[in-house]
């Protein structure tokens, strides 16, 4: 039973995707640590390790999406999303980091300064690079700013049905402030629609923990938690439609619902004590595995050497068959000067 719950509890859903990115219907589990690779491959970037997951098809290689939006919802293993979306179970749910995708965007599109936004409102963690600094400079990122933003005239409190949620409870306000962030991102981007029409891909990674706090405060069987879950589903679907339309139907919007992460987010480190273990892992003295840059460097060096070799051959052939009395200007000027003298 625990194995089944560990595989089928958490969920990876695709709310919107263009025709160039093909996700197949099926119940294939996706490892939690490979979700960033799915985002990278769907944007046309290469990954260090091949992904043998049948949920993502090849698609159109010449038309890649201009944006990827990944929303992580903590505190719930499944959301009642619309039936038109595609969902896959997650096994080994670990904290998701899209730093590798952001680095690939910076490397390939450094001159165009694409929009890269990574935000976790509950932890006051924000990372903005490129044109995101100018587009989302008015975005509320701290808890105090989020609270003040909710009580402004154009906030979502004036149009959102709160039902059993309260404006006077800090936990409810934290949950509502995260929904306000979703609304403000789409609103600010709609004022700068030209950024959604350039050639550089954009990346949005959002982590929402307000629903988890509501479940801890009232219980997962409470009316507040059920109302908050329904409000969150409606807000996510609206946010997905707005972002999809802003990018003219060329964006991938994904949602990860995780009850709890199996391990905390940490950087991969290697201890010097592992040196003795590495010798036993490779008893046949095999060569190391090449990374994804090997083919690029190999082709650059190969064709450069072939071009230089052909240039040397052509120059040497022309010099060998050159007629000094006809082709060389030095001999012609010398002979003419001798005749004149």
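Including glycine, each Cβ sits where the backbone N, Cα and C put it.
Curation plays no part in TrEMBL annotations; they are all automatic predictions.
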Listed range which TrEMBL flags as transmembrane segment, given the options 267-293, 294-320: 294-320
The domain 'Renin receptor N-terminal' (9-259) [mean pLDDT, rounded to integer]: 89
